[in-house]
Amino acid sequence: MTTTKDAPTRVMRGASLLILLQVISRAITFIANQVLLRFLTAQLLGISTQLEVYYLSVIFFARESLRVAIQRQDLSSLSNSKDGKTQNHASQAIINLGYIPIILGIPLSVFFAYLYLSSLSSTTLSLAPNLILSLYIYALASILELLSEPIFILTQTRLEFSIRARAESTATFLRCLFTLFSAIYLPNQGVLPFAIGQLTYALTLLIIYLFHGSSLSRSEKNFSLFPRPIPSSPIFHPQTLTLTTSLLTQSVLKHLLTQGDTFLVTILSSPTSQGVYALANNYGGLLARLLFQPIEESSRTYFSRLLSSPNNDKTAAQSLSTLIKLYSLLSVLIVSLGPPAAPLLLSLVAGPQWLASGAGECLSAYMYYIPLLAINGITEAFVSSVATEREVHKQSVWMAGFSAIFAAAGYITLRVLDMGATGLVWANAINMACRILWCWVFISGWFNRNKEAGLSLNEVMPGPLGVGIAAVSGSVVRRVVRSEGVVGVKAVIMELSKVAGVGVVFLVIL
């Protein structure tokens, strides 16, 4: 059993592993996508994004609230055993809880498939051959991935991050491989290659987790990989179930906010605009997925473990302040250099044909959104680690209000101002700013209740020197770099080298 004392070290080591995993898996995915883009139109890319949202919705609603609830539990509390076998029974309790996502996933996959099929138009069906078959394959893949959840939860609670790293890196590689082969050797099959790739990913995860779980069960001989009654305890830990239920509403709202952009663009725009936004979101969110997401996930575990013991508030405040400060410094670099460089990078990696669809302008706007995405991730990770059940409900109410603000902003930018995918980026930015403001107010109040710890806005914001250097750097880049009308790979690389040169000077001075 991992102790509170060594948990921070293991969590930080786990964060490093997860970041490395994200770098490797995203690099593989990035390379594969460059080839796939040559076989795709904007319409097909938009439809493939809809299928991905279907898949993520099933997975998220089935398991997310349970994952958060288990992270916040003291492992010894998962068993009422008094016979010296607390750890053994805790492992079995975790395995039992891991079957809840499987039970939920089956009806969810059917329900969301019905909703998606009901929303399809004849035009969409004609644009994407094998769309219905692909949807069924995605549904099967979601269930297969959920079947690995009991073992995943067990390894996460034991802070055995290396198993997750091996499983997800292998699954990602095989998904890319099978998607590419399917696209090349099964041409003109619409989004079917994406479905085959996702099925490969889920099946690989399940096989690897089953292998590790079986080995663990045989070596320890104290728990089963199947649900099993625990002496003196219900089969499902009641306190964890209660917390899971409390977090469910928040999880639903969080998912709607996270994937709400895709829902809105699906309802209010054409498949072409959906493809443009999907492309900008994939490239623009690359940094967030590579660096910020692993830190967010590990920080949630870190703060939960750290603050489960008394007298650690000051350490938590220092850690949170340092993370936000680093994010702020990185943000000024992204905002100053990112927008001019974005269309050039897109032309280089995806081809100049995508610039004509407005993807370059959308990606430039996304550069202003990335800092908000990063800071929101780390602040919400802290909130989810310390919020009481009552505070979770309060946050859910506020998030519902932010959902309404986001929907209104999306309607105005998409329908009234006709800004297309770019308008959706700005609607997302408004929503994210609201969420950050709420989290900051909550975190400040939480620390103010403890006089030994505090969090100051001045401590986490970049200083005047950093802001000044960023402003000058951005002005220089916009004067010397041509973002439009650049033809040829050599010319694009030359312009990007100018951006890189200014960035190096920025970092040296800072």
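Cβ coordinates are placed from backbone N, Cα and C, and glycine is handled just like the others.
Source: prediction; values computed, not measured.
Same-chain residues lying 6+ beyond the ends of the transmembrane segment (42-62) with a Cβ under 8 Å from its Cβ atoms: 101-102, 104-105, 108-109, 112-113, 116, 124, 127-128, 131, 134-135, 138-139, 141-142, 145-146, 190-191, 194-195, 198, 251-252, 255, 259, 262-263, 266, 271-279, 354, 357. Among the features that TrEMBL reports, transmembrane segment is placed at 42-62 (among others).
Outside the transmembrane segment (94-115) by six or more residues, the chain places 54, 57-59, 61-63, 66, 70, 75, 78, 135-136, 139, 142-143, 146-147, 149-154, 157, 223-228, 230, 235-237, 240-241, 244 with a CB less than 8 A from a CB of the stretch. Sequence annotations record features per position, and here TrEMBL assigns transmembrane segment to 94-115 (among others).
Distant neighbours of the transmembrane segment (135-155): 51, 54-55, 58-59, 62-63, 66-67, 70, 91, 94-99, 101-102, 105-106, 109-110, 113, 116-117, 161, 163-164, 167, 192, 195-196, 198-199, 201-203, 205-206, 209-210, 212-213, 216, 225; these residues of the same chain sit at least 6 beyond its ends, with a Cβ under 8 Å from one of its Cβ atoms. Residues or ranges marked as transmembrane segment in TrEMBL: 135-155 (among others).
The transmembrane segment annotation in TrEMBL covers 167-186 (among others).
For the transmembrane segment (192-211), the residues of the chain that approach it from at least six positions outside its boundaries are 36, 48, 51-52, 55, 129-130, 133-135, 137-138, 140-142, 144-145, 147-148, 151-152, 155, 163, 166-168, 170-172, 174-180, 182-183, 186, 225, judged by C-beta separation under 8 angstroms. Residues or ranges marked as transmembrane segment by TrEMBL: 192-211 (among others).
Proximity of distant same-chain residues to the transmembrane segment (326-346), defined by a Cβ-Cβ separation under 8 Å and at least 6 residues beyond the stretch ends, is recorded for 279, 283-284, 287, 292, 354-355, 359-361, 363-368, 370-371, 374-375, 378, 460-462, 466-467, 470-471, 473-474, 477-478, 481, 483-484, 486, 492, 495-496, 499, 502-503, 506-507, 510. Residues or ranges marked as transmembrane segment by TrEMBL: 326-346 (among others).
The transmembrane segment feature in TrEMBL is assigned to 366-384 (among others).
TrEMBL lists 396-414 (among others) with the feature transmembrane segment.
TrEMBL lists 426-448 (among others) with the feature transmembrane segment.
Taken from TrEMBL, the feature transmembrane segment applies to 487-509 (among others).
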With Cβ-Cβ distances below 8 Å as the criterion, list the same-chain residues six or more beyond the ends of the transmembrane segment (426-448) that contact it, or say none.
257, 260-261, 264, 313, 317, 320, 365, 368-369, 372-373, 375-376, 379-380, 382-383, 386-387, 391, 395, 398-399, 402-403, 405-406, 409-410, 412-414, 419, 454-455, 457
For the transmembrane segment (167-186), what are the same-chain contacts with Cβ under 8 Å, counting residues 6+ beyond its ends?
21, 24-25, 28-29, 31-32, 35-36, 39, 148, 192-194, 196-198, 200-202, 204-205, 208-209, 212
